[in-house]
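These notes concern the structure reproduced below.
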Amino acid sequence: MRRLARYLKGFRKQVILGPAFKMTEAVFELIVPLVMASMIDKGIKLNDPAHVWRMGGLMVLLGVVGLGCSLTCQFFASRASQGFGTVVRGELFRKIGTLSHAEIDRIGTPSMITRLNNDVNQLQLAVAMLIRLVFRAPFLAIGATVMAMALDLQMSVIFLAAAVLIALVLYLVMSRSVPFYGKIQRMLDRVSLITRENLSGARVIRAFSRQKAEMRRFEDASEELRQTSIRVAKLSALLNPATTILANAAIVAIVWFGGLRVDAGTLTQGEVIALWNYMTQILLALIVVANLVVIFTKASASAARVNEIFDTAPSVTDEGNTERAPVPGAPKIEFRDVSFSYSGGDEPALCHVNLAVAPGETIGVIGGTGSGKSTLVSLIPRFYDPQQGAVLVDGVDVRDYPFAQLRGQIGVVPQQAVLFSGTVRQNMQWGCEGADDGQIERALAVAQAKEFVDRLPGGLDAPVAQGGKNFSGGQKQRLTIARALVGSPQILILDDSASALDFATDAALRRALRRDTRGMTVLMVSQRANTVKAADRIVVLDDGAVAGVGTHRELMESCPVYREICLSQLSSEEANRS
Ligand SMILES: Nc1ncnc2c1ncn2[C@@H]1O[C@H](COP(=O)(O)OP(=O)(O)OP(=O)(O)O)[C@@H](O)[C@H]1O
């Protein structure tokens with residue numbers, strides 16, 4: 001947690017002045033029992049109403065000034081904690097943006113969201129408590145004990161005994177409950193993972209009538225969370241009765257032995273009341289300490305989770321890379337003996353892949369599900385780096401480019417069409433900032449999307465809902481293709497991005513791409529033989545290895561895997577037609 005303190009740098013004033021005001025209020029609180037004692041011993045006992053009024057007035061003054069101090073501290077605490085939360089959240093968001101897919105896969109999106117929200121909120125609360133109570137509570141407990149000792153050293157033995165017993169109870173309860181807090185946070189992660197999966201996959205769940213099973217999964221996770229939270233709550237619930245019994249026993253002892261000492265003339269009635277007040281203050285302060293321990297334990301678990309993200313070094317980085325010139329005569333894209341495994345994956349997703357793609361060439365990539373097609377193309381824009389071998393663009397290892405230069409020349413259409421809330425035009429301009437309507441319309445026309453966009457009310461200004469929910473799967477795919485084309489990239493990667501299109505639209509799209517993407521190097525991933533058949537060359541992947549490279553005709557003759565795929569989808573007449 002100490003490491004996160006650097007984010008408090010901008011709030012030095014609040015962090016210093018806040019506790020100072022709170023301590024001033026605590027000093028006033030320690031003075032009040034003495035004023036009360038004087039009111040009783042001098043005002044009431046000696047029948048001096050003027051003294052009672054004076055002491056009463058002093059108590060009101062101490063109360064009002066104390067309240068002012070407390071409110072000022074509260075103000076500083078809110079400023080600092082909210083500011084701290086905003087800074088940490090912003091930094092965390094920035095850091096998550098630098099992580100590569102491998103780290104995001106490992107930590108998981110729901111866990112990142114929980115860390116960004118719940119964990120940062122917990123830290124924010126800890127900062128507020130740090131300013132408001134961390135110094136005040138121990139100061140009050142120790143101060144009340146010292147004041148009691150100053151009043152009557154012998155009576156203060158009761159205080160010390162009560163304080164030690166209360167502290168022991170606190171220790172016993174906290175040492176048993178604290179280990180559960182980390183567990184509860186992990187359980188919260190699981191609940192939010194299930195919630196997220198259910199919200200994003202609501203249609204699939206309904207289509208498969210999985211509502212009951214999903215409800216059970218959610219209930220199990222939430223029941224586990226409930227039971228653990230109840231176990232902790234039960235333990236914590238012991239705290240108040242146990243400490244109150246001990247404090248009340250101490251108060252009984254104070255009144256009992258105080259009475260005897262009043263009889264003996266060594267203590268006044270007012271001092272007994274003051275000792276009683278100090279005991280109550282100690283009890284309240286120790287209960288606050290117990291709550292602080294809970295808050296700081298949770299915050300320390302949250303800090304560890306937040307720091308885990310800050311400490312994660314992105315496995316793919318462009319640090320220190322400078323603009324690179326293309327190597328004359330080099331292939332546009334080259335895979336040199338590339339092998340790649342996902343972290344945690346037993347089997348390599350790609351095995352010793354060698355491939356050179358000439359500038360302007362259209363390459364079809366085909367293979368069964370899980371054969372490594374998406375993995376192959378995701379190495380070009382460096383979504384992942386291979387463990388072995390190298391991927392080169394224009395003869396330069398992709399690891400040597402600045403991201404902006406590398407990714408600026410690649411248009412990627414991912415398997416899952418993702419659009420962002422805004423308008424059609426705004427989404428298209430992701431492909432090229434400041435693209436004009438002419439550029440956008442040309443891209444829409446190639447992607448076979450112009451016709452339906454023209455029909456939308458507002459045309460390019462038509463709204464796009466979050467995730468593009470107001471478009472059909474096929475429309476979304478066409479819009480994502482257009483988005484990639486707007487910037488006229490040198491390399492276009494289509495990762496099974498026409499899977500939701502009907503055959504006629506798919507064929508029209510391929511014709512338009514062939515016609516309008518001359519000079520563009522295109523990698524077209526598909527499971528459909530028809531989609532890749534007309535490519536200049538086709539790469540056949542089988543279990544991560546290249547099973548064949550060539551034209552449709554060559555592969556039909558030489559590659560059994562390709563022949564099998566084609567014959568499973570096309571009539572033998574269609575398959576044999578080039
Ligand atoms: N993020 C990931 N983490 C771990 N393993 C992964 C990940 N993505 C893919 N894999 C695994 O890597 C292998 C290749 O996956 P890839 O997505 O490249 O296949 P694909 O040929 O594109 O499949 P499909 O046609 O079904 O999309 C598969 O065994 C898959 O389970």
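The first residue you see is number 1, and the count goes up from there.
Positions of Cβ are set from backbone N, Cα and C atoms, glycine also.
Positions annotated as domain 'ABC transmembrane type-1' by TrEMBL: 16-298. What TrEMBL lists as transmembrane segment is 20-40, 52-77, 133-151, 157-174, 235-258, 278-297. Summarising the annotation, TrEMBL assigns domain 'ABC transporter' to 333-568.
Beyond its flanks by at least six residues, the transmembrane segment (133-151) meets 19, 22-23, 25-27, 29-30, 33-34, 37, 159-160, 163, 267, 271, 274-275, 278-279, 281-282, 284-286, 288-289, 292 of its own chain at Cβ-Cβ distances under 8 Å.
Outside the transmembrane segment (157-174) by six or more residues, the chain places 141, 144-145, 148-149, 235-236, 238-239, 242-243, 246-247, 249-250, 253-254, 257, 275, 278-279, 282-283, 286, 289-290, 293-294, 297 with a CB less than 8 A from a CB of the stretch. Beyond the transmembrane segment (278-297), the same-chain residues lying 6 or more positions past its ends with a Cβ under 8 Å from any Cβ of the stretch are 1, 29-30, 33, 122, 125-126, 129, 133-134, 136-138, 140-141, 144-145, 147-148, 151, 158-159, 162-163, 166-167, 170, 173-174, 177-178, 181, 236, 239-240, 243-244, 247, 250-251, 254.
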